[in-house]
Amino acid sequence: MKESRRMEEHRDWHNPHWLPPIITKCTSVMGLNITTIATHMLGFILLLVFCHFAYMFLRKFSQPRVVSEFIVGLVLANLPFVRNKLSSEVLKQMNYIVDSGMVCLMFVVGLDINPIVLIKVPVREMKVAMAGFLITFLIAFLGTPLLRIPLHSNTVFYLGLSLVLSGTAYPLLTRLLTDLKIAKSDIGRFVITSAMLSDTMSILSIAVGFIIFDPEQNFKKRKGNEIVTMIITLLMEVFLAALIAPIIMKWVNRANPEGKPMTGSHLVLALASIIGIASIAPLYAKYSGLLSAFLSGLFMPKDGRISKMLINQVKYLFTGIFYPIFFFWVGIESNLSKFGAGHWRTWENLIFLFFITLIGKVVGSVVSGVILGFHWRESIQIGLLLSLKGQLHVYLALIARKMKLINISTSIVMVFVTLLTIIYTPTVVEKIIERARKRSPTQRMALQWHPPSAELQVLICVHGTQNVPSAINIMEISQGPPEPGIMVYLTDIVELTDKISATLVHEADETLTVTDPEVLEMRDSVTRMVEEYLDEGGEGVGLRRMIALSTMMNMHKDIIILGEDLIVSMIILPFHKDQDADGRLNSGNQGFRNINRKVLRNAPCSIGILVDRGFGSTRISKSSVIINIAVVFIGGNDDREALAFAERFARHPGVKLTVIRFLLDSNNETSVSTRLNKSRMLSPEHEEEMKLDDEYFADFYGKHVAGGHVSYMEKYLVNSGQTFSTLRSLEGHYTLFIVGRGGRVNSVLTKGMNDWEECPELGPIGDILSASDFSVTSSVLIIQQHSLRGELQGLQDEFSIM
C-alpha cells in the first residue's frame, strides 16, 4: 500500500490536482507539464549563470556583457545534447517570446527617441549621420548583388538589405558608450545623436517600404487597396499616439504623482491604451507589429511617470531576462552545422558584408568630417562606432531566413557580422580615450602648490551614512579661514546593479536620475546629516552633492571623471574596511579596495584614504572639543603633501596638531656607515628630493611651529625596526594620524617594510597604523600627492576620460 501510494503521488506530480485550475489550464494549453516547466526554469538559470561567468572572463578583454550573451547563446544552443532536448512546443513558445520581446523593444526604442530632434535636427550630427547612411546604402546596393545573397534575385530585396546595413544599433551603442564611460563626453554625445538619426532614418525607410512591398511574397508589390488601408490605419495610429494618448497619460500621471504607488486600474488603462494604439495597423491592415510598435512609441509622449516607468521596467526586464533568451534563440535558429565553413562563398559573404558596413560609415564620417573640420582620426573612430549593429539586425536576418528569402548559411553570416561590429567597439573607445588624454592638460593638482588665496576644492566619497560623521569632521578641520574657504563635493558611491539600472530616468538634458527608493533614502539621510552640520556652524564650507553610479569594475572611472571635471585638489576615499562592534577592522569589501587602488594608480589630483576608527564619533567644533592629530613626516613628495594638508588644521581651535619627524640617527655607528654607503648610491634626483624636504619643512616650521600653533617632536632612529616600534608606541595618543603613502624613496627608516605589508596601497607607514591589531581609537588618513600623468605607471591601461 505504501509503495502504491508513493507511485500515485509521483503520478500526481506530473498532473497535480492540487494546483489552482488556472495554472493547470495554462500548462495544458502550452502542452507542458510541471516537470517540463521546472526543467526549463533550471535551464534558464544555468543560461544566466553561463552568461555571467562568460562575462567575467571576457571583461578582462574589455568586452561588454552583450558579447558574452551572444557567444553563450550560440555555443549552448548548438551543443547536440541541448538541441536534441528542445521539443517543437518549446521552440514554438520561444518564438512567441522573442517576437513579443522584439515588439516591446521597438516600442521602447521609439519611445526613447524625441521626434522634435527630427524637426530641429542638429546640423553637425545630421551631416555625419546622413553621409554615413547614404554612402553605406550606395555601396551596399551596388555591391551586394555581386554576392548572390538572396535565394531569388530581387532588386527590392537588395534595397531592403542596403537600408538594414545603413542603420546603426542606437540602443546598443548608447548602452556600450555608457558602460565605457564616454557617453557624456563631447564625442560620446555626438556619436549617440548621430546613431539615433541614422537608426531612425533606416527604420522609417523600412517602414515606408513595407507599405509598398510584401516581404512574405518575395517583395511583390502590394495591391492599391492594401497600400491605402495601411496608410489610413498608420495615420490613425499616429494621430491617436500623438493626440489622444497624451490626454490619457496626463490624466494617469496627475492621479498618480511621484512617490505614491501606481493604482492598478490606472496602470491597466495606460497599458491597454498603448497596446490598443500600437495594434491598430497590425490587426486591421496586416502591417508589421515590429514597425507599428516603433511608430507608436516615436509619437507617444515622453514625459510623465508612465513613459519613464515603461522605459525603465522594459530595459530592466530585457537586460536581466530577455537578452539571454533572445541570444539562445539566435543560437537555435543559427544551426552552425549548416554554416558552410567549407565553401569559399560563405567566407566571401562574411568578409564583404562586414567591410561594406565599415567602409560606408567610415567614408561617410571622413567626408563629413572634412567639411566640419574634424581630425581624420576622430572621423574614422566615429565611423567605426556608427557601424555597430545589434539585436534588430540579427532578428531581421533570421526572419529573412524563415521567410525563405535567404538560406541559413547567409543568415548565420549576418549574425557573425553583427557580432564582429560589437567586438571591436571597446578597442575604438580605448583609442579615443588614449588620444583625449594625450591632448588634456598636465597641470599639477596638489595641495603643495595650491594658492592660499584660492578656494580649496575637495571631493569626499562616502559608501553610505556610516561614513558621513567622519566626512563632516574632515570638512570641519580642513575648512581653513572663511575666506576663501573650502568647497566640498560630497559624493555617494553607489554600485550600479540591474535593480538600480531599471530605475534610471533619462532627463531632457541627457542626465540620468536614480529613482530607486533605497538609494533615494540613503542620499536623503546623508544630505540631512551634512545640512544639519552646516546649519550649526559650517562657516566657510560650501557643499555640493554628487553621485558616482557605476559597476564596481568601472566605479574608479566615475570618480576620476568627477575629479577632473570639478578640478579638485584632493579626493578622499573611505577605507574598504569598516570598524566592528569590538573596535577592530573587519575584512572589508574587496570591490571597494579595488576601486581605491585604481583611483590611486590613475589619480587626477592628490588622493587621501581615510581609515576610520570612530573619527566621527565626536563632533569637532571650534569651541568645546579638542582632538589630538599627529603628522608623521619621514620625507618624500607624499609626506610633503600630508604636511600641506595638515597645515589647514593648524589654526583650527578644536585641533591640537603635532608634527613628528623621523630622522636617521647620525650618532649611531651603524647608521653612519649605512648612510655613507647609501649616499654613494643616491642619484641627483634623490638628493634633490631630500633638499625639497628640508626646504618645505623649514618653511612649515617657521610658519606654525615657531609661532606655537603646532607642537613638534623629533625621533632619531636607526632602521625600519625602530620605526615600527616607535609607531607602536604612539598608539592611543592621537585621534588621527596623517601620513604620506610613499615615504622617502630608499629611506633606511622604511626599508624592507613593504615585504610584509597587508595593504600595499596604504604604503609602509599607513599599513602599520591601519593594521587590525594597532588601535581601536586612532584613525589614519593616508595621502598620495598628485603626479603628472606621464609619471604615472599603468595609466594607459586604466584611465578613461574625454
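Note: Cβ is positioned from N, Cα and C throughout, glycine not excepted.
Summarising the annotation, TrEMBL assigns transmembrane segment to 37-58 (among others).
Taken from TrEMBL, the feature domain 'Cation/H+ exchanger transmembrane' applies to 51-429.
According to TrEMBL, the transmembrane segment annotation covers 65-82 (among others).
Annotated transmembrane segment per TrEMBL: 94-119 (among others), in sequence order.
The list of residues near the transmembrane segment (131-151) in space but at least 6 beyond its ends in sequence, with Cβ under 8 angstroms from a Cβ of it, reads 157-159, 161-163, 165-167, 194, 198, 201-202, 345, 348-349, 352-353, 356-357, 359-361, 363-365, 367-368, 383, 386, 404-407, 410. Residues or ranges marked as transmembrane segment in TrEMBL: 131-151 (among others).
The transmembrane segment feature in TrEMBL is assigned to 157-178 (among others).
What TrEMBL lists as transmembrane segment is 190-212 (among others).
Residues annotated as transmembrane segment in TrEMBL: 227-252 (among others).
Here TrEMBL flags 264-285 (among others) as transmembrane segment.
Positions annotated as transmembrane segment by TrEMBL: 310-330 (among others). Long-range contacts of the transmembrane segment (310-330) within its own chain (CB-CB distance under 8 A, at least 6 residues past either end) are made by residues 44, 47-48, 51, 66, 69-70, 72-74, 76-77, 94-95, 97-98, 101-102, 104-105, 107-108, 111-112, 274, 391, 394, 398, 415, 498-499, 501-506, 515.
As annotated by TrEMBL, transmembrane segment applies to 350-374 (among others). Tertiary neighbourhood of the transmembrane segment (350-374): same-chain residues 124, 127-128, 130-140, 143-144, 147, 165-166, 168, 380, 382-384, 386-387, 389, 413-414, 416-417, 420-421, selected by CB-CB distance under 8 Å and a gap of 6+ residues from either end.
The transmembrane segment feature in TrEMBL is assigned to 380-398 (among others).
Sequence annotations record features per position, and here TrEMBL assigns transmembrane segment to 405-424 (among others).
For 538-617, the entry in TrEMBL reads domain 'Cation/H(+) antiporter central'.
Per TrEMBL, the feature domain 'Cation/H(+) antiporter C-terminal' maps to 628-786.
Contacts between the transmembrane segment (157-178) and the transmembrane segment (380-398): present, as 3 or more C-beta pairs lie under 8 angstroms, all at sequence separation of six or more.
On the 0 to 100 pLDDT scale, the model's mean across the domain 'Cation/H(+) antiporter central' (538-617) is 86. A contact between the transmembrane segment (190-212) and the transmembrane segment (380-398) is present, since 3 or more of their C-beta pairs, 6 or more residues apart, lie under 8 Å. Contact between the transmembrane segment (94-119) and the transmembrane segment (380-398) is supported: at least 3 Cβ pairs lie under 8 Å, counting only residues 6 or more apart in sequence. Sequence-distant neighbours of the transmembrane segment (380-398) (same chain, 6+ residues past either end, Cβ-Cβ under 8 Å): 98, 102, 105-106, 128-129, 132, 164, 167-169, 171-173, 176-177, 187, 190-191, 194-195, 198, 323, 326, 330, 333-334, 357-358, 360-366, 369, 374, 406, 411, 414-415, 417-418, 421-422, 424-425, 428-429, 431-432. Under 8 Å from some Cβ of the transmembrane segment (405-424) lie the Cβ atoms of residues 63-64, 66-67, 70-71, 74, 149-152, 157, 172, 176, 215, 218, 330, 333-336, 338-340, 343, 346, 349-350, 353-354, 357-358, 384, 387-390, 393-394, 397-398, all in the same chain and six or more residues away from its ends.
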